[in-house]
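Colleague: Marked as xanthine binding site by Swiss-Prot: 20, 27, 156. Summarising the annotation, Swiss-Prot assigns 5-phospho-alpha-D-ribose 1-diphosphate binding site to 128, 129, 130, 131, 132.
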């Protein structure tokens with residue numbers, strides 16, 4: 001997705017060789033037009049898969065996930081990082097480690113909103129080691145639903161996330177693949193010297 005690559009180049013900030021900050025359009029301030037286009041692109045890629053639900057994790061996955069849900073005309077469900085006191089019924093849960101924050105959270109989804117007839121597209125902002133997507137896939141399995149695919153806005157291809165997801169039998173679609181953050185510079189897959 002050219003517009004996304006342009007945004008990453010123009011507004012992304014390389015923190016170190018493993019962390020890319022995209023607060024200006026995705027993780028803090030949200031570029032709504034760009035997220036609309038992201039959602040539409042995921043729709044075009046998965047429109048024939050019978051998607052019934054979009055699943056993400058709070059907070060940064062919500063913007064691209066809700067835009068995808070709008071295009072699919074299905075609900076967007078997000079896993080919560082803490083069980084709210086209002087959640088009285090059963091839950092599906094998984095442990096998820098955040099690469100960026102270096103923390104582990106137990107995320108929960110109410111069993112009221114995810115069931116065995118659901119065909120789920122998991123959406124996330126970043127793919128690093130794949131822990132978030134694998135954890136969300138575990139929640140889908142607990143519900144006896146089907147994960148149709150994983151949609152990633154920015155993939156750090158130099159980390160093992162894609163390989164881990166594909167080893168788990170999951171279809172991965174990344175809209176922007178970063179090959180390297182070396183030398184304080186973003187290099188995209190296909191642009192390596």
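Using the three backbone atoms N, Cα and C, a Cβ is placed for every residue, glycine included.
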Colleague: Please give me the binding-site residues out of 20, 27, 156 that lie within 10 Å of residue 129 (5-phospho-alpha-D-ribose 1-diphosphate binding site), comparing Cα atoms only.
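Modeller: Those near residue 129 (5-phospho-alpha-D-ribose 1-diphosphate binding site) - Cα within 10 Å - are 156, in sequence order.
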Colleague: Highest CB neighbour count within 10 A among the binding-site residues 20, 128, 132?
Modeller: 132
Colleague: When the Cα of residue 156 (xanthine binding site) is compared with the Cα of each of the binding-site residues 130, 131, 132, which one is closest?
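Modeller: Closest recorded candidate to residue 156 (xanthine binding site) by Cα: 130.
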Colleague: Does DSSP put residue 27 (xanthine binding site) in a helix, in a strand, or in coil?
Modeller: helix
Colleague: Taking only the Cα atoms, work out how far residue 20 (xanthine binding site) lies from residue 132 (5-phospho-alpha-D-ribose 1-diphosphate binding site), in Å, as a whole number.
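Modeller: Given the Cα positions, residue 20 (xanthine binding site) is 17 Å from residue 132 (5-phospho-alpha-D-ribose 1-diphosphate binding site).
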Colleague: My understanding is the cutoff is Cβ-Cβ under 8 Å with a sequence separation of 6 or more in the same chain; which residues meet that for residue 130 (5-phospho-alpha-D-ribose 1-diphosphate binding site)?
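Modeller: Listed in sequence order, they are 160, 161, 162, 163, 164, 165.
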